[in-house]
Protein chains: 2
Amino acid sequence: MAKVHNFSAGPSILPQEVLQKASEAILNFDNLNLSLIEISHRSKNFEAVMERARQLVKELMQLPDGYSVLFLQGGASLQFVMVAQNLLREGGKAAYTDTGTWASNAIKEAKLFGQVDVIASSKAQNYTFIPKDYTIPEDADYFHCTSNNTIYGTQMKEFPDSPVPMVCDMSSDIFSRRIDFSKFSLIYAGAQKNMGPAGTTLVVVKDEILGKTGRAIPAMMDYRTHISKDSMYNTPPVFAVYVSMLTLEWLINNGGLAWIEELNRKKAELMYGEIDRNPLFYGTVAKEDRSWMNACFLLHDPKLEPEFDKMWKEAGISGIRGHRSVGGYRASMYNALPLESVQVLVDVMKEFERVKG
Amino acid sequence: MAKVHNFSAGPSILPQEVLQKASEAILNFDNLNLSLIEISHRSKNFEAVMERARQLVKELMQLPDGYSVLFLQGGASLQFVMVAQNLLREGGKAAYTDTGTWASNAIKEAKLFGQVDVIASSKAQNYTFIPKDYTIPEDADYFHCTSNNTIYGTQMKEFPDSPVPMVCDMSSDIFSRRIDFSKFSLIYAGAQKNMGPAGTTLVVVKDEILGKTGRAIPAMMDYRTHISKDSMYNTPPVFAVYVSMLTLEWLINNGGLAWIEELNRKKAELMYGEIDRNPLFYGTVAKEDRSWMNACFLLHDPKLEPEFDKMWKEAGISGIRGHRSVGGYRASMYNALPLESVQVLVDVMKEFERVKG
Ligand SMILES: Cc1ncc(COP(=O)(O)O)c(C=O)c1O
Ligand SMILES: Cc1ncc(COP(=O)(O)O)c(C=O)c1O
Ligand SMILES: [Mg+2]
Ligand SMILES: [Mg+2]
Ligand SMILES: [Mg+2]
Ligand SMILES: [Mg+2]
């Protein structure tokens, strides 16, 4: 069968060697003659997987002491709740930036736990840029931001120096570039873009910020419960953690964040270069805020869409239809997407210009 | 390699043909030339999986109209929270039976949302039986029970006629026998015993019991959110749902609940028959409450354990060490465990008697 160029926005492309190993582990894991998914999570074989996955995260993030790494269930959306439940004090307030659909969902969930100040928003401009001119109140319990806005295709290139604990939803650009992770007090990310399959969410949290809300928290919703049990308080999502571990290994073995940053830069430059150059297409967001992960673009003449669609489908491209709230196209170029796939898309755009231009 | 007889208590044995299909789908799903775990959950291919999984549950349970079927994340432990959060009214109370570790955890989580009356408990007798003599208060918001106590090896053979909505944690015996599922207003079960891999939890809920607490519930914790989005409010645990679907298909194709009930009865009779007959071993719980899923037993002489352990390990048996809170042995005989594996264990016990008796 023909190769598919998989630009899916999430769940999304994973390295072929990771898929190969995952497929084998479903039949025979660690030479136990048992499937990965039919052994106890308390077996030494799976405990080693969980430990290694957590260790690889620490290694990639170069975290100082005092942070805990968890692989939880519930998706990034459950973190919208847990963050506020664990950090927003009774009678306290939190500061959020509203930079897209997910940020706005995070704000909605937080409001159930206390006052939420939206200190900056690009909503009125349909989230086409990242606000930069804001002050984080010193009396907020925490500041929450979204590093990459998956649907709108904007990305924070710099992070503020926050006077209060900084929390970041990195679901759609985790481990895509070098960052000073120690600036953050809590980072979370659904695995299903850059890190693995759907079904687990990475949480990295500075222990000292926990336990200060004055609120009774159900054990399952309390980060401290999961920390005290090394991320095995209840049955973890075994398969998703295993595949995440494999993907993190792939990343480190290939050169880590320096390597992937370079590759992601090349892909983004190639993609946006063509969007800008090609007279038929234009990008939807402010240039300085363009996401390296999700490139959103439109045809000047939307009537040409059916013809363009036919052409990229024939080239084996998949998953570039834009989100229903933006329309047009979104090329998601997560870590595992090879430069070659971007080249194929760019070639199709060039060819479309030749035919139509 | 030698066949392994997998008695793991959970995550646990799955049908070989299910593992085979799951392994293939990791490389190429639905002939898309893409992995199951790298396509959008909004693709028609995955939407069909989710729909079919939900449909198979309805079919197996023969549910009347008015129930919704969800595949959520978080494990059964998150249901301990969600049940109370969604059903326990402000100022109301709930009735629970305390029949084991998991029931007791469910009680702990519920207490954060209101009054919890423990109307029956076998705790003082180390959970060795199922209390039957209790009255469910008519003014409770709901009654919660645990159909099978995985750690202690007791199982409810009958369910009360409850004057209030009956909620049941069926994590460790879901789909193991015929039951009048319509007696229940809410059923939940972690997939990782009888239904699939760890990472998804089945919730079956009668719509009319929802929305009555007077409490503001975060969207992610509100069953109504997930119902309104056909169990796709946020990214579902794709792999776990897919493998659950395959396992439910396997069950139905082989004859459904009537077939599996008969097989499980045979396995339990064989196992408990030997525990009773063999003078070296004894069972730990009241005979009428013995679980068909988890048979807990001890050696009269614990000093013989190392020798017995050596013998069953040599026979290719895996996973029969008892839970740390009970000790001894626990043979978990979930749906996918063949009768043959129980026979191998029974033969080892007989042989051990011959050598030691
Ligand atoms: C930035 C961001 N945050 C949160 C989410 C929600 O993640 P989940 O579906 O795992 O709840 C997404 C999903 O695409 C996302 O892109
Ligand atoms: C009856 C029962 N309920 C709840 C649980 C907890 O399930 P989870 O680990 O998915 O939270 C278990 C786990 O074994 C169980 O056996
Ligand atoms: Mg967004
Ligand atoms: Mg252009
Ligand atoms: Mg128990
Ligand atoms: Mg005996």
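For all residues, glycine too, the Cβ spot is worked out from N, Cα and C.
Of the residues proposed, B:TRP102, B:TRP292, B:TRP312, the one TrEMBL records at the same pyridoxal 5'-phosphate site as B:ALA76, B:SER77, B:THR150, B:ASP169, B:GLN192, B:ASN234, B:THR235 is B:TRP102. The record assigns B:ALA76, B:SER77, B:TRP102, B:THR150, B:ASP169, B:GLN192, B:ASN234, B:THR235 to the pyridoxal 5'-phosphate site; their largest pairwise CA distance measures 30 Å. Cα of B:SER77 (pyridoxal 5'-phosphate binding site) to Cα of B:LYS193 (N6-(pyridoxal phosphate)lysine): a distance of 14 Å.
If you count neighbouring Cβ atoms within 10 Å for each of the binding-site residues B:SER77, B:THR150, B:GLN192, B:ASN234, B:THR235, the highest count belongs to B:GLN192.
A coil conformation is recorded for B:THR150 (pyridoxal 5'-phosphate binding site) in the three-state DSSP classification, outside any helix or strand. Ranking the recorded positions B:THR150, B:GLN192, B:LYS193, B:ASN234 by the distance of their Cα atoms from the Cα of B:ARG42 (L-glutamate binding site) places B:ASN234 first. Checking the recorded positions B:ARG42, B:LYS193, B:ASN234, B:THR235 against ligand 2 with a 6 Å cutoff on the Cβ atom leaves no residue at all. Rounded to the nearest whole angstrom, the C-alpha distance between B:THR235 (pyridoxal 5'-phosphate binding site) and B:LYS193 (N6-(pyridoxal phosphate)lysine) is 23.
In sequence order, B:ALA9, B:GLY10, B:PRO11, B:SER12, B:THR150, B:SER171, B:SER172, B:ASP173, B:ILE174, B:MET293, B:SER332, B:TYR334 are the residues of the chain that are 6 or more apart from B:LYS193 (N6-(pyridoxal phosphate)lysine) and have a CB within less than 8 Å of its CB.
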